[in-house]
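Remarks on the structure that follows.
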Amino acid sequence: MRLWQWSIAVAICLVMVTEARLRRHHRKRRFVSSNFDEFYCGESAHAQSQFEEERESNSSKVSSVHSTQFNWGLDNTICIKLQNVVHVLKYERLEQRYPIENSYTFSVPLIDTNCKCHCYGFGTNDVCNVEKYADDRNCTTSSEFPTCYTKYHPAVEPLDCPVTSIPAKACCDIKLKPRDGRMFRAVKLQQPINDMIISHSIFANNSGKMMKVLGPDEFRINLLKGKEQFELTEYHRISVQLVASSPQQQLREGMYYFPEENHNDLREGKINEITESDLDKLGWYRRVGNDWQVATSGLLLRNAHKVVIKNCKGQVHMDQFSGTKNFVLRGTQYNDTYNERRVSDNNFVRSVKVDESSREITIVHEHGTAAQVSLKTDTRPNLTKSQSLLANFTGSITLDHDGNRMLNVTFFGVKGTVHIKMYVNDRKLIATFACTAQFGTSLKDDGSRISLPSTINQAQWVCILPDEQPTKSEICKWIPYEEKAMRTPRQEQSWSKGHSPCSQAECNSLKSGVSDLFPWIMNFDYFMAHGGDFTEWLKIGIHIVIAVGLLLLLILLFTKCLVPLACCSLSIPFKNRNKKKKKKNSSDY
């Protein structure tokens, strides 16, 4: 063979070898960094070791075991490659399951009152008969108001009564119904059961592309013991040892409630337990079977009722329920923002699910709890980690109404793990706070709420760096600080004005007179009872004009008619002084 033929053959061999190497390198790079659309690898091993142990409990055979340790965070993944297969373990979520001890249905009531006043000593028909309105009697209910109680007030101000030296008496019907037809469910929660849910998936290299061949299979790990061990046996044998503690952030044990039209809208506040009937808390107006009731046959509500009679004959009154909250009295507004704090507003709550059929409420934790994982395999695994990215971020630091100090951050173009550090100024001498956040497998815009210590009370220089990226990739900016005022509990219900129409024959049995026909002219009590708007002041002005006119008319009548008539009847000369003076002047001539 000639020299040039040898040269061509050698060149062809070199080209083939180079192409094969490039092909192998290309496949390897595709697995390591570029082809993670199907899965994401976020955790790096912090330790690897090899030792000998008996893998089979019924065998004395000793084999070589490879152990790999990881620190594992919520929403993150661990990837190990054994031969041509990639095992992916993902920390899916942390669930807190709260058993429901007991429950009841309640409503915020709308209350209306019908009060009648009876003047002492007038009328044979006593509408405020003590036997009829005794405190242990219920009044007639209706389809509109399913609950009704009576209240007898033996001594009230006798305004507009003929006898004002003796107190009048008032009798009231207190009617209740669910406000806007809305009903709520109160539940008592016990201490939670904490479960860590992880998933296992398997990917295999098929013609240079990673394809899912198994999973995801979920495993529920109870954190009560703090340690768990199990095995994965598909394709390869992997022994998993997991150590994790229960999260510190959880709902307190006690009473919660939710609207019946939205079970997952769990709320917290001052709520009566099933054995309580405190009018200062939610849940004192309850449904028992098909009836709506106030505990103790409404005795507490009756005792809380206060009434002021503004006009006994006009049946005008003002009333309120002292020491009672969480109701709507006729003509008043109900402000429920202070009691209706949603559980989902807590920074550690990702979602809420209420399942009354299983008597359980599940909270998916926002932060999770850190775990230490040890994977034992028969062969040494190849480890890989995906690239973390961050395009930009914005945020704010807030001290909210309830005293929670939070860093609210919106991340743009984020994937994987990012490290957050906060400084007093841009010199970055000492970090005031540091944490890590995970954002899963795909590039996205996402937000996060992070609890901060009480030492942070001003604007901060915040720097965020994607995991395992050079320092030049760090993004820093000033984040403003904002304080919101503390919540102020709503004030007790104000007085509400009511009018109870009553026929003359039924109430007080007084004959109609000028005062009844024209109460705005002759009755100041009516004016005081109905308020002092422009119309009432106009009426009182007309009253004054008429009174002045009547006074002038009486003066004229007295001086021009009554006095001369009296003088004439008593034979007393009554002559005008001007006439006497004129007569005297004429005699001088």
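Positions of Cβ are set from backbone N, Cα and C atoms, glycine also.
Annotation comment: Swiss-Prot describes ASN58, ASN138, ASN205, ASN335, ASN382, ASN392, ASN408 as N-linked glycosylation site. Under the heading signal peptide, Swiss-Prot lists 1-20, citing sequence analysis as support. Here Swiss-Prot flags 21-537 as topological domain 'Extracellular', drawing on a curator's inference. Residues annotated as topological domain 'Cytoplasmic' in Swiss-Prot: 559-589. Sequence annotations record features per position, and here Swiss-Prot assigns transmembrane segment to 538-558.
Distribution of Swiss-Prot features across the structure.
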residue	record	Cβ contacts under 8 Å, 6 or more apart
ASN138	N-linked glycosylation site	CYS148, TYR149, THR150, SER297, GLY298
ASN382	N-linked glycosylation site	ILE80, LYS81, LEU82
ASN392	N-linked glycosylation site	PHE411, PHE412, GLY413, ILE475
ASN408	N-linked glycosylation site	GLY395, SER396, ILE397, THR398, GLY447, SER448, ARG449
Next on the checklist: Need the DSSP three-state call for ASN138 (N-linked glycosylation site) to compare against my parser.
Outcome noted: coil
Checklist outcome for this item: In three-state DSSP terms, ASN382 (N-linked glycosylation site) is classed as strand
Next on the checklist: Over the span of the topological domain 'Cytoplasmic' (559-589), how high is the average pLDDT in this prediction?
Outcome noted: 63
Checklist outcome for this item: Counting every protein chain shown, other Cβ atoms within 10 Å of the Cβ of ASN205 (N-linked glycosylation site) number 17
Item to check | Mapped DSSP class for ASN392 (N-linked glycosylation site), helix or strand or coil | outcome: strand
